[in-house]
Structure formats: structure tokens, C-alpha cells
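S.K.: A single structure is presented below for examination.
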Amino acid sequence: MIKQRTLKQATKVTGIGLHSGKKVTLTLRPAPANTGIVYARTDLEPAVYFPASAESIRDTQLCTCMINDDGVRISTVEHLNAAMASLGLDNLIVEVDAPEIPIMDGSASPFIYLLLDAGIEEQDAPKKFIRIRETVRVEEGDKWAEMKPYSKGLKLDFTIDFSHPMISKDVRNFKMELSAENFIHKISRARTFTFMKDVEYLQSIGLALGGSLDNAIVLDKYRILNEEGLRYKDELVKHKMLDSIGDLFMCGYNILGDFSAYKSGHGLNNKLLRAILANENAWEFVTFEDKEQAPEGYRIGEQVFI
């Protein structure tokens, strides 16, 4: 059968919080089968726990932010979430000693390295997938996000549309089937991006204090300000796809479906996930006893790092 996955051992890393600009330590710990993905604020006494869920996301203005009923928050979970989703992790305790996950270099690549360095092991319990049964679509103006039935894995098709000389039509769309290999080699290094005018405004109101050219792509009216340029020619749309993978994994399960989006962001991604889960006819839990019947990316030999 396709089994659940966790880490072989605990691991930690220290970085900077995107909004606070302060040091943050992230610790990832193995968890027993059927625990799920659980975030924890360990700087509070007692520690506050956040099981992964679509409903826990209550702020999507600048990132994907979990907030509980007492107003306790953990921000910027999407890049770590995307890394966990791509590696098929099911059970993990994510501890952080601040209100946000460290931004690292603005991509998911440092989290991939951290997870693989700790090692991934299978557990003696069947892995649950969410399989899409009916098409669900959400819209906001000209923006939209949609999930259609597709049982072979998670298919992704993302389009951005920015009026900027550095964002030409040939770098606005990207398509990919989610697997560890595709994620690591094709999109994991894609960094978050922003515009200089937005950075100046955010920092004036005390946000994005940890943002810099070391952890984001910054564009002015005409060019990219980062001296090293882009890591991929289509890095911007690839990062938006990376974000969507992390946002959809807030349900705590790998999804089998066909996701497509136009100008979507954290808010619309979460709105789609909530709409899917609210419609009991739109999805179902499935497990796979026969590894040969498993979705793409989860078959024996396709995840060679286990």
C-alpha cells in the first residue's frame, strides 16, 4: 500500500521573519501516523497548536496566515507547506518561536533541503488522498481558480497577468504535474516577488521589515532590481504556482485533481479549498493498497529519497 510519511528525525533552522525582521527558529519534528500536519507557537506559554485546515487561514492579504479564536497567528506558512506537499509528508509537528515562519531566500528550496536532510520514512498506515469528484470554481472579478476531477495526481496550470516590461506573455503561464522531482527541479527555487512601490508602503506601516533583495525579487517600473536576475525566465509564475501548492495543502492531505488558475492569490486559493471541502459531493478520501495503482509521483521508485 501507499503509506503515510513523516521525518526520520527532528531538524531545525534559523532565519528572519519577513514582516518582523527578527530572528525566527523553525523546528520540524516527526509525528505518529494519523497526526497530520500540526503547527505550533512554542514561544507562548503554554504552546499554541494549529492543526492544518482551510478554516484556520483567516488572513491572506500578504501571505497565508493561520489565526486561532484567540487571535494567535502563524504567518507565511505557504512555502514550507508547498515543500511538505511535494514530498508527500503526512505527519509533522512544525514548531516556530515567533508569529511567522522564516522567509529564508523567499523560495521553498531551503525547506526541501531541510526536510531531505532530516530524512523521510514511511509509516505503517495507509496514506489518505483527497480525490476530486466534481468541478469547483471560484471567481473574484476577472480572477478565478478551478479544480476539476483528475485521478492520476495533481495537475497544475497557472497564469499571471502583470503589465510590466519584464513580464512578457511567454513567461506568464506554467503547467506541471506535481511530483517531488518536478517540484524540486522546476519550481522549488522560484522566489516571492514584489514591486518597489509596495515595499516602500509596507515598510512605512511596519510590515515587510525583513524583506530584502536576499529573499525576494523586487521590480521597479522598468526592471528587476536583483543584480543576479532571475533563477528561471518564468520565475514569477512558477512562484505563484508554488504558493498555490502550499495553499491547497492547508487541508493536510495531498489532492488528486486538475487545478487551474488565472491571476489567483492566497485569498482565492483558500476560497477554492474551502468551497471544495464544503461540498461533500465534490471530493472523497481514497487510499491505495496496490502501489501500481497509485497516483503519479507516489509509486514505488519515484520517491528515491525514502
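Positions of Cβ are set from backbone N, Cα and C atoms, glycine also.
The following feature annotations were taken from Swiss-Prot:
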type	residues	note
BINDING	His79, His239, Asp243	Zn(2+) binding site
ACT_SITE	His266	active site, proton donor
S.K.: Count the Cβ atoms, other than its own, that fall within 10 Å of the Cβ of His239 (Zn(2+) binding site), considering every protein chain shown.
M.R.: 28
S.K.: Let me spell it out: for each of the recorded positions (His79, His266), count the other Cβ atoms within 10 Å of that residue's Cβ, using every protein chain shown. Which one has the most?
M.R.: His79
S.K.: About how far apart, in whole Å, are the alpha carbons (Cα) of His79 (Zn(2+) binding site) and the residue listed as 'active site, proton donor'?
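M.R.: Checking the Cα atoms of His79 (Zn(2+) binding site) and the residue listed as 'active site, proton donor' gives a distance of 12 Å.
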S.K.: Other residues near the Zn(2+) site, CB within 8 A of the CB centroid of His79, His239, Asp243?
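M.R.: The answer, listed by sequence position, is Glu78, Ala82, Gly106, Ser107, Ala108, Ala190, Arg191, Thr192, Lys240, Met241, Leu242, Gly246.
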S.K.: How big is the Cα-to-Cα gap, in Å, between His239 (Zn(2+) binding site) and the residue listed as 'active site, proton donor'?
M.R.: 12
S.K.: Other than its own, how many Cβ atoms are within 10 Å of the Cβ belonging to Asp243 (Zn(2+) binding site)?
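M.R.: Counting Cβ neighbours of Asp243 (Zn(2+) binding site) within 10 Å gives 24.
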S.K.: Provide, as an integer number of angstrom, the distance between the C-alpha atoms of His266 (active site, proton donor) and Asp243 (Zn(2+) binding site).
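M.R.: Computed Cα spacing between His266 (active site, proton donor) and Asp243 (Zn(2+) binding site) is 7 Å.
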S.K.: Helix, strand or coil at Asp243 (Zn(2+) binding site), per DSSP?
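M.R.: Where Asp243 (Zn(2+) binding site) sits, the three-state DSSP reduction gives helix.
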